[in-house]
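For reference, TrEMBL has these:
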DOMAIN    A:52-109  domain 'Nitrite/Sulfite reductase ferredoxin-like'
DOMAIN    A:119-273  domain 'Nitrite/sulphite reductase 4Fe-4S'
DOMAIN    A:342-393  domain 'Nitrite/Sulfite reductase ferredoxin-like'
DOMAIN    A:406-542  domain 'Nitrite/sulphite reductase 4Fe-4S'
Amino acid sequence: MYQYDQYDQAMVDARVEEFRGQVARRMAGEITEDQFKPLRLKNGLYLQLHAYMLRVAIPYGTLNGRQMRMLGDIADKYDRGYGHFTTRQNIQYNWIKLEDAPQILADLATVEMHAIQTSGNCIRNISSDHFAGAAADELVDPRPYAELLRQWSSFHPEFDYLPRKFKIAVIASDTDRAAMRLHDIGIQIVKNDAGEIGARFYVGGGMGRTPMIAPVIRDFVPALQMVSYAEACLRVYNRYGRRDNKYKARIKILVHEIGADEYRRQVEEEFAHILTLGLEPPAAELERIAAFFADPGLETGLAEGYDRSDPDFAVWADQNTAAHKQAGYKAVVISLKPAGGIPGDATADQIRLMADLAEAYSLDELRVTHTQNIVLPHVKQSDLYALWQKLDAAGLGSANLDLIGDIIACPGLDYCSLANARSIPLAQKISERFASPERQRTLGELKLKISGCINACGHHHAGHIGILGVDRKGTENYQLLFGGSEAADTSLAQIVGPGFSEDGIVEAIETATEVYLKARAEGERFIDTYRRIGAAPFKEAIYG
Amino acid sequence: MKILTGNDLASGDVVWWDGMGWSRDVNDAVDVGDQDAAILAAEEAAQRVNASYAIAATQTAEGVRPAHIKDRIRALGPTVRLDLSLRPGDPDAAKQVI
C-alpha cells in the first residue's frame, strides 16, 4: 500500500503543529468559536450532540495493521474504548476532548494518517472498492488512481471553498461495491477498444435530500488525463454551483438544472483549455504510486478449497468471503453487525485484534467498507478456519454479510446534532428480530439501510429496504422505502406509504419479508421481486 | 420554564446553566425567564461554552425535562450506550427520555 514520501509527511506534520497552535489560542480565549470552528472542521473535529467528534480519514478505506492498531489505541487513550466505522470508509470517535485533539492528530501522523478534509466544503476522503487489489473481477487495482486523485485534491487551493462538500469514488470492476454512481464524481477505470486503460466519469450523483444517480459525462479519459478531467469537472462546478442555498449547492443540482449535455459541453471546453497547460502528471508518477500497490506478497500455486467440516465455520465462509484473484486465497469480510449490536462500532480490543489478524493472515492489509464492515483482503484459504475461530471468540464472527442483519445505520439522534430520529435502536431491534441465521439466509441478500435524517448518511435511498427517521411534532417517526440499490444496478428507493413508530416499522418489515417469500421466483432477491411485482402487494399487506 | 444549554469548551460535555455557572446535570438547570439572551451573550463573551442556546423545559417530579427529544438525549447521553450516560445504573433511562 502507499507510503508517505517526505512531502506527504512534512505536510501532515506541519498541519498538526498548526492545529496545536489554533487549539491553544482557542483554549486561551484568543479566538472566538466563530473564528475557530472552520479551523477545527478543516481537521475533522466536529461538535456533536454530546461532545467533540473526530473523523479520521482512511484513504480509499485501506490501512495496515500498524495503522489499525493506532486506531484502537486512540479509542482507549483518548475516547471511551470504541470507534465507529462510517459509510465513508472512515472512523469516528465520539468523545474527544478539544485539548487532546492535537495530540491525537500527532499520534495519527506517526502512522501516516490524518483527519484533513474530512469536513468542510472541499474534496473529501476518496472512497473505493473494498476488495480493490484482491477482487477476482477487477480490471486493475483502482487504488493507484484513487491515490493520484488524493494527492491532487489534498490542499488543492482552488477547491478548498467549493459550494458544498465533494465526494469521489473510484472503482475498476463492473461490480460496483462503492456506490460509485451515488457520488459527486464516480470514476470507473475501464479499457477502451484499443486496450488502453482510462477512466469513465459519472458526475452529479448523490443521496441527501435530493437523491440522484450520476449520468455518464465522459465514456473514456486516458489515465494520465484523469486528473485534468476531474479538475475541469470541479472547475465548472466551482464556477456555477449555487452558493446562495446550501440545499441546492451540490453538483448534482447543477448537472440536473443545466442538463448533462450542457454540463458536459462546459467541462469539455474547460478540459481542452487545461490540456494546453500541460499539467498532467508524468507517467512515472503514476507508475511510482502503482508500485506501492503491486503484489503485496501473494503466494502462487496454492490449492483451492479448505476443510469445511465445522458447519458453523462453513456457513460463515460461504457468507462472508469473496473470490480472490489469486488461487488459494479469499477476501474476508468481518461483520461489525452482531445481532442487537451497533452497526459499525468496534471496541479498542476488537480493533487491535483485527490489526493482529491482518498481520498474521492478510499480508498486513485491512479495508473499511462503506457498509461499515472490515475486510481482510488476502487470506489463504488454508488459514480461514483459524481466522474464523479467533474472530468468533471476539464477537466478530457474524455470518450475515449482505443479509438483513448486515444493516447500515448512521449514528442518528443518539450522537448526531443534525439527526431527527434515532437510527441505532431501530437497527438493533431489526437485527434481533431477524437474528436467526437460518431465517436470514432464507431471505437471502437483503440490504437494509437506516438514516436518522434527510442527509442520508445511512444510505436509505440505496437500500433494498430503506428507513428514514423524521421528526413528527417532536416524536420520532420512520418512513419506509423499497427498491434502492447502490450496486451496478443502482436505483433509488421509493417511499411505500405513511410512516411508522419504531415498533410499527419493525412489524412492517416483517410483513414485507413475508410478501417477498410468498411471491419470489426462483433465484430472486428481495429487490428483484419488488421490481417485478411492484409496490402494490407490499402496500396492501402492510397498510391493508 | 426556559433553560440554557451548551457544550463545555474544553471537554465538549453537555452543560446546563445553573444560575451561577454550568452544570453537567440537567436537574441543576434553572429557569432563566427572559434573561436568556443576556446570559448567553455574557457566557459567549466569557468563552467557556460553545453552541449555547435556550430551550423549553418542564419541572417534573423526576426532575427537569427538556421539551424536545434531542435535548432529552443530550441530557442523558446516547440511549444505546447507557453505560456511557449520566445514568449508567438505570436500565429504564432510555425509555424515560423517549
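Including glycine, each Cβ sits where the backbone N, Cα and C put it.
Broken down with DSSP, the domain 'Nitrite/Sulfite reductase ferredoxin-like' (A:342-393) shows 27 helix, 13 strand, 12 coil. Ranking A:52-109, A:119-273, A:342-393 by CB pairs under 8 A with the domain 'Nitrite/sulphite reductase 4Fe-4S' (A:406-542) puts A:119-273 at the top. Under DSSP, the residues of the domain 'Nitrite/sulphite reductase 4Fe-4S' (A:406-542) split into helix, strand and coil as follows: 56 helix, 27 strand, 54 coil.
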